[in-house]
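*Asks:* Got a structure here, written out as structure tokens. Questions coming.
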Amino acid sequence: MGTVGITMKETWSRWVVEHPVWVLLICSALCVVMATGLQGFRNNNDPRIFFTQENPDFKRFMALEDSFTANEVVLFVVHPKNGRVFEPQTLAAIESLTDDAWTLPYSTRVDSLTNFQHTEVDGDELYVAPLVEDAADMAPNEIALVREIALKEPALVGRLVSEKGHVAGIVATVTMDEGNTEAPVITQAAREMAQAYRERYPDIEFMVTGTVVFSQASADATEQSMVTTLPLAFVVMLLCLWLIMRSAIFVVVTVMVIGFSIASAMGIATWLGIEFSPIVGMAPAMILTLAVADSVHILASYRHECLQGKERAAAMLESLRINIQPVWLTSFTTAIGFAILNFSESQPFRALGNVVLIGVLLAFVFSVVLLPALVMLLPHRIEPGKQRDFAPLMGALAAHLNRHFKPWLLGMSAVVVVLTAAIGLNRINDVFNEYFDETFEVRQVNDFAMSNLTGMHRIDYAVHSGESGGAMEPAYLKHIDDLIIWLEQQDEVVYASAYSDVIKRLNRDMHGGDSQWYRIPQSRELISQYTLLYELSLPQGLGLEDQLDIDKEQARVIVLLENIGSHPVLEFNERVEAWMEDHWPQYMHSKGTGMDILFGRVTMRNIQSMLGGALVALVSVSVLLVIALRSVRYGALSLLPNLLPAAMAFGLWGLVNGEIGLAVSVVACMTLGIVVDDTVHFLSKYVRAKRELGLNTEQAVEYALRTVGVALVATSVVLVANFAVIGTSHFYPNSSMGQLSAITIAMALIVDFFFFVPLLVALDRRKQIRAGA
């Protein structure tokens with residue numbers, strides 16, 4: 001840094017230290033102004049926020065919802081304790097709950113075992129009526145007939161009644177606006193309705209799930225974590241900070257830097273119109289990591305200088321002098337990494353990148369402006385000889401590493417190779433049902449429903465016929481029927497349905513119930529007549545819009561799968577699309593759509609964009625270190641301690657877990673700041689020792705560890721404790737993110753101390769030997 005730069009830095013630092021009251025007032029005023037933006041805070045829990053209008057998968061999904069009924073549903077699971085659905089009381093309960101489900105807010109359609117539109121033929125007359133009416137008054141032979149019909153009906157089994165007839169389902173389709181703001185109201189109404197029926201029918205279990213309830217459970221789990229797990233993690237972090245720094249004032253100062261940084265960043269983001277979602281909810285944790293690191297480095301150096309006998313003002317000026325450059329480098333490069341997230345196609349990840357970018361830059365400002373002012377204002381004492389200085393411990397570690405650098409370098413190299421090789425054991429996969437552990441009601445209900453009634457993973461195919469009314473063409477329906485038959489043979493499939501099933505049933509019934517006629521008719525005119533008769537007989541709200549579009553140009557194929565992850569869902573969809581290409585004419589080829597497909601694909605692309613952002617940031621660090629340290633050699637070497645922690649952490653994750661979902665994919669970016677922080681601070685002190693103080697390699701290692709080692713350990717311990725507590729969350733996205741973040745931060749410290757330091761000793765010793773020769 002040039003003389004002018006040094007003068008400006010020293011002048012600024014001196015003004016901050018000498019005018020702490022003014023600094024505090026200015027910072028407080030600015031924070032209040034920025035934080036007022038939070039008045040317009042609004043959280044968007046709609047999963048559609050992850051997809052842009054240009055995304056071809058999302059376009060396909062929206063086109064399907066425009067052509068047919070939407071996929072947003074509430075599922076009531078009805079389980080009689082005696083295991084028999086086909087009894088008067090249970091059927092009466094299902095019939096009554098079906099009627100009441102129409103009263104749910106925003107309900108547009110209700111399907112159940114009892115209101116299933118059963119067809120019968122008398123002569124040339126087609127009669128369509130609910131399968132069950134006035135269940136409480138039905139005779140045993142009538143119930144037996146209903147049971148026989150229901151358990152042979154493909155449209156019911158695996159969706160609205162179990163194969164054994166021991167569990168039934170009621171599906172209420174709802175219409176919600178963008179943002180899913182209606183979800184809490186719908187979920188609450190559904191739960192209250194289920195509770196009322198539990199009290200009314202004590203011998204029957206009534207459970208609630210479905211896409212609406214699941215989405216709301218995700219929002220509730222995020223809110224629960226913010227109320228319980230995150231505050232606990234914060235308290236643990238502060239406790240660790242106090243144990244290391246031995247100063248309540250230092251803890252208060254750090255908390256104020258964290259609070260000012262997060263509140264200001266979130267306020268500015270709201271002012272800028274950035275839309276918040278559960279993903280953006282991770283931003284405070286990311287900002288916190290750098291705010292803690294910045295604060296601890298400045299406070300640790302300040303404490304060290306005070307223990308050497310300096311006055312408070314002089315100690316703070318020296319701390320700022322040696323820390324501003326590395327703190328700025330860390331903040332700037334971290335901001336670059338998160339700025340790269342703007343290349344992500346998902347709005348929540350772009351928003352996350354921008355909020356954290358703002359936050360880490362504000363954390364830098366508050367740590368070098370607000371923190372010194374607070375330290376100058378708040379009463380505290382650091383007396384040389386009366387408080388323990390951890391620097392001698394770092395000196396002992398330096399001596400050990402200088403003596404035994406070869407064994408450490410060889411041993412750590414082996415660990416690095418093994419763990420980085422294990423990265424390949426990971427696979428991109430999200431098992432959405434397992435986002436919640438068994439303490440959540442929605443997980444318990446989903447597990448029960450998937451084991452006893454239906455599947456929760458849904459794929460839809462909109463199959464075009466090529467012309468208006470073409471869905472009535474026999475060859476077209478025969479092709480769809482062939483697909484349904486193939487789908488039902490696949491192990492993953494719990495339920496498969498299309499309009500071809502309705503036509504086959506109508507054809508059979510129009511031929512006196514003869515099973516030989518359970519097939520697609522050969523005449524388009526006959527199929528059209530069947531369809532018209534059937535449509536005219538259906539009650540309002542139970543039309544064919546869930547199976548055919550209004551022009552009868554396309555039909556919908558619905559597939560429900562067992563509990564598998566997003567990656568197996570994508571693989572299954574590829575098999576279906578390959579089957580279509582092999583067996584159907586080209587105009588019928590269809591692409592699968594649904595939230596599982598959308599999230600599976602967008603997760604892959606977001607992981608690529610985030611890892612790309614992290615890589616660009618890490619390379620930027622090295623380039624900036626080349627400039628700041630005026631050394632290509634040290635800049636290039638810095639890539640190792642910057643890249644290896646995340647690589648080793650993901651390798652270890654591959655050995656113990658192996659599943660990388662959306663939440664885990666952000667860890668490389670989330671921990672970027674602290675990983676870079678460790679490297680930048682150590683290298684800057686090491687190079688300063690060699691250049692400014694003229695120390696040799698061993699002495700430079702000791703100086704660097706004595707001056708910055710305590711801060712590195714402190715930030716690592718504090719943040720590992722913070723994320724480890726988050727790792728105990730009952731909500732998998734939070735727990736997995738917390739666990740892998742804690743592992744990555746721990747790896748960063750281990751790599752810096754036990755791999756990078758021995759590597760520097762080995763390389764610089766060789767350089768000294770060559771110079772001496």
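Yeah, the Cβs are placed from backbone N, Cα and C, and that goes for glycine too.
Because TrEMBL annotations are produced automatically, they should be read as predictions rather than curated entries.
I grabbed these lines from TrEMBL:
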DOMAIN    252-377  domain 'SSD'
DOMAIN    635-762  domain 'SSD'
TRANSMEM  20-41  transmembrane segment
TRANSMEM  225-244  transmembrane segment
TRANSMEM  249-273  transmembrane segment
TRANSMEM  279-302  transmembrane segment
TRANSMEM  322-343  transmembrane segment
TRANSMEM  355-378  transmembrane segment
TRANSMEM  408-425  transmembrane segment
TRANSMEM  610-629  transmembrane segment
TRANSMEM  636-656  transmembrane segment
TRANSMEM  662-683  transmembrane segment
TRANSMEM  703-728  transmembrane segment
TRANSMEM  740-763  transmembrane segment
*Asks:* Residue counts in helix (H, G, I), strand (E, B) and coil for the domain 'SSD' (635-762), per DSSP?
*Replies:* 110 helix, 3 strand, 15 coil
*Asks:* Taking 3+ C-beta pairs under 8 angstroms (sequence gap of 6 or more) as contact, is the transmembrane segment (249-273) in contact with the transmembrane segment (740-763)?
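*Replies:* Per Cβ check, the transmembrane segment (249-273) does not touch the transmembrane segment (740-763).
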*Asks:* Quickly jot the same-chain residues contacting the transmembrane segment (279-302) by Cβ under 8 Å, restricted to those at least six beyond its ends, or write none.
*Replies:* 43, 222, 226, 230, 237, 241, 245, 250, 253-254, 257-258, 261-262, 265-266, 269, 315-316, 318-320, 322-323, 326-327, 330-331, 334, 338, 346, 348-349, 351-352, 355-356, 359-360, 362-364, 366-368, 371-372, 375, 662, 666, 669-671, 673-674, 677, 681, 707-708, 710-711, 714-715, 718-719, 722-723, 726, 737, 745
*Asks:* Is the number of Cβ-Cβ pairs under 8 Å between the transmembrane segment (355-378) and the transmembrane segment (20-41) three or more, considering only pairs separated by 6 or more positions?
*Replies:* yes
*Asks:* How about the transmembrane segment (225-244) and the transmembrane segment (636-656): do they have 3 or more C-beta pairs under 8 A, pairs 6 or more apart in sequence?
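*Replies:* Taking Cβ pairs at least 6 residues apart, the transmembrane segment (636-656) and the transmembrane segment (225-244) are not in contact, as fewer than 3 fall under 8 Å.
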*Asks:* Suppose you look only at the domain 'SSD' (635-762); what would the mean pLDDT be?
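*Replies:* PLDDT averaged over the stretch: 88.
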*Asks:* So what's near the transmembrane segment (322-343) in sequence-distant terms, Cβ-Cβ under 8 Å and 6+ beyond its ends?
*Replies:* 1, 9, 13, 286, 290, 293-294, 297-298, 301, 349-350, 352-354, 356-357, 360-361, 363-364, 367-368, 609-610, 612-614, 616-618, 620-621, 624-625, 628, 669, 672-673, 676-677, 680-681, 684-685, 688, 707
*Asks:* So what's near the transmembrane segment (610-629) in sequence-distant terms, Cβ-Cβ under 8 Å and 6+ beyond its ends?
*Replies:* 1, 325, 329, 332-334, 336-341, 343-344, 349, 353, 635-636, 638-639, 642-643, 646, 665-666, 668-669, 672, 676, 679-680, 683-684, 687
